[in-house]
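Per TrEMBL, the features are as follows:
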ACT_SITE  Ser81  active site, phosphoserine intermediate
BINDING   Asp28, Ser81, Asp471, His472  Mn(2+) 2 binding site
BINDING   His140, Arg170, Asp171, Arg206, Arg213, Arg286, Ala287, Asp288, Arg289, Lys361  substrate binding site
BINDING   Asp430, His434, His501  Mn(2+) 1 binding site
DOMAIN    22-544  domain 'Metalloenzyme'
DOMAIN    102-322  domain 'BPG-independent PGAM N-terminal'
Amino acid sequence: MGSSGFSWKLKDHPKLPKGKIIAVVVLDGWGEANPNQYNCIHVAKTPTMDSLKKGAPDKWRLVKAHGKAVGLPTDDDMGNSEVGHNALGAGRIFAQGAKLVDLALASGKIYEGDGFKYIKESFENGTLHLIGLLSDGGVHSRLDQLQLLLKGASEHGAKRIRVHILTDGRDVLDGTSVGFVETLENDLAKLREKGVDAQIASGGGRMHVTMDRYENDWNVVKRGWDAQVLGEAPHKFKNAVEAVKKLREAPNANDQYLPPFVIVDDNGKAVGPILDGDAVVTFNFRADRMVMLAKALEYEDFDKFDRVRFPKIRYAGMLQYDGELKLPSHYLVSPPEIDRTSGEYLVHNGIRTFACSETVKFGHVTFFWNGNRSGYFNQEMEEYVEIPSDIGITFNVQPKMKALEIAEKARDAILSHKFDQVRVNLPNGDMVGHTGDIEATVVGCKAADDAVKMILDAINQVGGIYVVTADHGNAEDMVKRNKKGEPLLDKNGNVQILTSHTLEPVPVAIGGPGLAPGVRFRKDVPEGGLANIAATVMNLHGFEAPEDYEPTLIEVVDN
């Protein structure tokens, strides 16, 4: 029994046998949308995934992977890999990132918490620095939350504020950065009228400055560090609107990849380097692209790049970005407490687990799947394998990524009979989709399909079961659309490419020689979402899910 009076022991499912090897395959960024030339999954040769669809409605269906189904504030909020894998692993819906921040800002609780009290100690003599993505995309941050935080911080004693902006163009249309900067400048001007010394201090494009993830390329963080902390960058401007407009004039420039810049005064001196005694808040709520900066800001012992200066600051994240590393140690909003995940239950009930992906999504099938928890539940029962991602190139250059290598590891794990569950993430649809390169995304989708085939062939060999699904949409619609659903054109008559996730549902397919006769998808869970998949997988392992889990998607019909 746990301290809270529940047992880790799962009840046996009355009609489903134990002992089958189950492959859980998550195709990242693989939604279901109308077939057309901008649907890379449709354009690509994907015979394996096409064959699974023939099992509809008994063995193939769609589930929701965005909005309230994954704990986000509204159904206008696109899903993402973090909340998607949280839901897949936890089997329940938890209020997530943006929603937690919204609640804390609306109630004013954010200003009463330990995190805010900690940074507030710097307001008297130091500067408050806010670093994050300037966007209303709602995936990593939201402009309205930054606006509320600026207002609240100034009302709670911040006299000198510097904002270090990262332009988006990935979760929102390329080119929207200019409007966001103008909005922010307008807000800062109002604060200055009230006697607060508030201005933008530095900036750069999110994929080139600061927002790398999974330690893929520390140079990205270093470029940000040089501008934000040291006040040094190759481009210097008197104001940020001019900076973004000017840097966007370069050939092939886009918001995601703008070079770093600093704002300087009339003497050419940076207006807002981070100094001893200052406070810093990273205002992104999503974790993955803030962890590396958090390490640079917080760790005394740090060898990833030469920081030149390591200022003594009070640093807080909007949320805690890594629960296992306790990073950062101070944060403004407490994370969702995700307990009793399906992975932990299954390990407690003897399910030996193998999980694998490449670097860019490895954390998703491990850390996020396990409720934002690093490490193993039981090292004897689990093995997690990370395949290094390509470094120093954009993913459209090598769109096959490591799909084949991931599939080979999964195949070998299945054929070894050492594991009861083999779980993978195939990142191609998402990572290549984010580049906006349609031809490359088509290649990536085919590679993912080939990988699925290799895994399902292995499942066939061992008499196992497969569950194939996705965490959110992306590659299935690569064009911006108007309200009628028609592609939007730019001023030159070219279609506007969509680089973000979508609001589309995702498939889930079950099958394999080990699937008991009579198993089919229920008809009475039409609104099913990603969180329903955990109970489904538990059933296929021969167990009933805990009572508070979202209901299973399957039933067993007596033949």
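Just so it is clear, glycine is given a Cβ too, placed from its N, Cα and C backbone atoms.
On the structure: features taken from TrEMBL.
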{"residue": "Asp28", "record": "Mn(2+) 2 binding site", "Cβ within 10 Å": "27"}
{"residue": "Ser81", "record": "active site, phosphoserine intermediate", "Cβ within 10 Å": "26"}
{"residue": "Asp171", "record": "substrate binding site", "Cβ within 10 Å": "23"}
{"residue": "Arg213", "record": "substrate binding site", "Cβ within 10 Å": "17"}
{"residue": "Ala287", "record": "substrate binding site", "Cβ within 10 Å": "25"}
{"residue": "Arg289", "record": "substrate binding site", "Cβ within 10 Å": "25"}
{"residue": "His434", "record": "Mn(2+) 1 binding site", "Cβ within 10 Å": "22"}
{"residue": "Asp471", "record": "Mn(2+) 2 binding site", "Cβ within 10 Å": "33"}
{"residue": "His472", "record": "Mn(2+) 2 binding site", "Cβ within 10 Å": "29"}
{"residue": "His501", "record": "Mn(2+) 1 binding site", "Cβ within 10 Å": "28"}
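Each residue contributes its Cα atom, and for Asp471 (Mn(2+) 2 binding site) and His501 (Mn(2+) 1 binding site) those atoms are 10 Å apart.
In sequence order, Val26, Gly29, Ala65, Gly79, Asn80, Gly84, His85, Lys361, His364, Asn425, Asp430, Ala470, Asn474, His501 are the same-chain residues whose CB sits within 8 A of the CB centroid of Asp28, Ser81, Asp471, His472, the residues recorded for Mn(2+) 2 being left out. The residues near the Mn(2+) 1 site, meaning same-chain residues not in Asp430, His434, His501 whose C-beta sits within 8 angstroms of the mean position of the site's C-beta atoms, are Asp28, Gly29, Asn80, Ser81, Gly429, Met431, Gly433, His472, Asn474, Ala475, Thr499, Ser500, in sequence order. Cα-Cα distance from Asp430 (Mn(2+) 1 binding site) to Asp28 (Mn(2+) 2 binding site): 5 Å (rounded to the nearest whole number). Within 10 Å (C-alpha to C-alpha) of Asp171 (substrate binding site) lie the following recorded positions from Asp28, Ser81, His434, His472, His501: His434, His501. A straight line from the CA of Asp28 (Mn(2+) 2 binding site) to the CA of Ser81 (active site, phosphoserine intermediate) spans 7 Å. Counting only residues at least six positions away in the same chain, the Cβ atoms of Gly132, Leu133, Asp171, Arg206, Met211, Asn284, Phe285, Arg286, Arg289 sit under 8 Å from the Cβ of His140 (substrate binding site). The binding-site residues near His501 (Mn(2+) 1 binding site), taking a 10 angstroms Cα-Cα threshold over the set Arg213, Ala287, His472, are His472. Comparing C-alpha positions, the residue listed as 'active site, phosphoserine intermediate' sits nearest to His472 among the binding-site residues Arg213, Ala287, His434, His472. Cα of His472 (Mn(2+) 2 binding site) to Cα of His434 (Mn(2+) 1 binding site): a span of 13 Å. His434 (Mn(2+) 1 binding site) sits 18 Å from Ala287 (substrate binding site), taking the C-alpha atoms as the reference points.
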